[in-house]
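Here's what Swiss-Prot has on this protein:
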| type | residues | note |
| --- | --- | --- |
| DISULFID | C300-C333 | disulfide bond |
| DOMAIN | 31-69 | domain 'LRRNT' |
| CARBOHYD | N91 | N-linked glycosylation site |
| CARBOHYD | N130 | N-linked glycosylation site |
| CARBOHYD | N165 | N-linked glycosylation site |
| CARBOHYD | N257 | N-linked glycosylation site |
| CARBOHYD | N320 | N-linked glycosylation site |
| MOD_RES | Q19 | pyrrolidone carboxylic acid |
| MOD_RES | Y20 | sulfotyrosine |
| MOD_RES | Y22 | sulfotyrosine |
| REPEAT | 70-91 | repeat 'LRR 1' |
| REPEAT | 94-117 | repeat 'LRR 2' |
| REPEAT | 120-140 | repeat 'LRR 3' |
| REPEAT | 141-162 | repeat 'LRR 4' |
| REPEAT | 165-186 | repeat 'LRR 5' |
| REPEAT | 190-211 | repeat 'LRR 6' |
| REPEAT | 212-232 | repeat 'LRR 7' |
| REPEAT | 235-255 | repeat 'LRR 8' |
| REPEAT | 260-281 | repeat 'LRR 9' |
| REPEAT | 282-301 | repeat 'LRR 10' |
| REPEAT | 310-330 | repeat 'LRR 11' |
Amino acid sequence: MTLNSLPIFLVLISGIFCQYDYGPADDYGYDPFGPSTAVCAPECNCPLSYPTAMYCDNLKLKTIPIVPSGIKYLYLRNNMIESIEENTFDNVTDLQWLILDHNHLENSKIKGRVFSKLKNLKKLHINYNNLTEAVGPLPKTLDDLQLSHNKITKVNPGALEGLVNLTVIHLQNNQLKADSISGAFKGLNSLLYLDLSFNQLTKLPTGLPHSLLMLYFDNNQISNIPDEYFQGFKTLQYLRLSHNKLTDSGIPGNVFNITSLVELDLSFNQLKSIPTVSENLENFYLQVNKINKFPLSSFCKVVGPLTYSKITHLRLDGNNLTRADLPQEMYNCLRVAAEISLE
C-alpha cells in the first residue's frame with residue numbers, strides 16, 4: 001500500500017468499529033451545547049467554535065428547518081422527519097455532510113433531485129429509516145454513502161452511476177438479494193469499502209468493483225462461491241463471510257488463495273475442512289464449523305526459511321479438533337502465530 005493511500009485506509013479501519021460515532025465533541029473538540037451563532041435555525045445549535053456545522057439532533061422535528069447559507073455540516077439525527085422537499089437545500093450549496101440517521105424517511109417522500117443539486121456533498125447518511133430502495137440521483141462529489149438499517153430490496157442499475165469518488169457504501173441490515181444489486185456497483189472504481197452483511201443474499205452478486213479493500217457478506221444465506229469469483233480483486237484485504245451456509249462442496253479449491261488478503265472470516269458456517277489460503281493471510285477465523293482435520297497444505301505449499309504462513313491469529317474453537325489433531329510440524333509452517341484457539 002502506498003503512503004498516499006494510507007490515510008483513507010486508516011479512516012476505513014476506524015469506521016469498522018465506529019460506524020456511526022461522529023459526535024461533535026469527538027470530531028471537533030467543542031461543547032455542542034455551548035453558545036450558538038446568530039446565523040442558525042432557532043431550534044438548532046451552530047457552535048461558535050465551528051460555525052459551519054448545524055446540529056438539530058433529538059428535537060422531534062417532523063420537517064427540516066431552514067438551513068442558513070454557509071452551513072457545510074448538517075446533523076438531523078434522531079428526529080421524526082418523514083419527507084424532504086426538492087427546494088429544502090437550495091440555500092446551502094456548500095453543504096458537505098448531511099446526516100439523517102434515525103428518522104422516518106421513505107423514498108416516495110424524498111422529492112426530485114434534492115441530493116444531486118448539492119454539488120459539494122461528500123457524506124450522505126440515511127441509516128435507520130424506512131427506505132425501500134437506494135436514494136438518487138446523487139452528486140458526483142459523494143464519497144461516503146450510508147443506507148444501513150432500512151428496508152431496501154433493490155439498488156436500481158444507474159442509481160450509483162457516475163459516482164467516481166465514492167469510497168464507502170454501507171448497505172448492511174436491509175432486505176437485499178443478489179439479483180437486485182448485481183451490476184449496481186459497476187463503474188465505482190474508487191470504492192474501497194462495501195458492507196452487504198445482514199441481508200438476504202443466497203449467492204454472491206456480480207459486477208463488484210475490483211478496487212475494494214474491505215468486503216463484508218456476513219450474516220446472509222450464501223451456500224457457495226463461484227470459481228475464480230475473487231480473481232480480479234488485487235487489493236482486497238478484509239473479507240467476511242461468517243454466519244452463512246458455506247460447505248466444502250460450495251468452495252472451489254483456491255477461491256480464497258488471494259495474495260492481498262490480510263483477514264478472512266469464515267466462522268459459523270458448515271465447513272468440514274480448512275480451505276486453502278495465501279501464505280500472506282494474517283488473521284483467519286474458522287470457529288464454529290464442523291472441521292475435523294488440520295492439513296498444513298491449507299496454509300503452506302512449501303515450508304522453508306523464507307516460505308511460511310504469516311498467520312498470527314487462527315481461531316478453530318467450536319470445531320471437532322483437539323490439540324492431538326495438530327501435526328507436529330505445524331509450527332514450522334505457522335511459525336509467527338501468536339494465537340491458535342481450539343477450545
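A Cβ is built for glycine as well, from the same backbone N, Cα and C atoms used for every other residue.
DSSP states for the repeat 'LRR 3' (120-140), grouped as helix (H, G, I), strand (E, B) and coil, give 0 helix, 4 strand, 17 coil.
Cα of N257 (N-linked glycosylation site) to Cα of N91 (N-linked glycosylation site): a span of 52 Å. The recorded positions N130, N320, C333 include none with a CA atom within 10 A of the CA of N91 (N-linked glycosylation site). Shown for the repeat 'LRR 4' (141-162): DSSP residue counts in helix, strand and coil, namely 0 helix, 4 strand, 18 coil. When the neighbouring Cβ atoms lying within 10 Å are counted for each of the glycosylation sites (N91, N130, N165, N257, N320), the highest count belongs to N257. Taking a C-beta cut-off of under 8 angstroms and a sequence separation of 6 or more, C333 (disulfide bond) has the following same-chain neighbours: L296, F299, C300, V303, Y308, S309. Using a 10 Å radius centred on the Cβ of C300 (disulfide bond) and all shown protein chains, the other Cβ atoms total 21.
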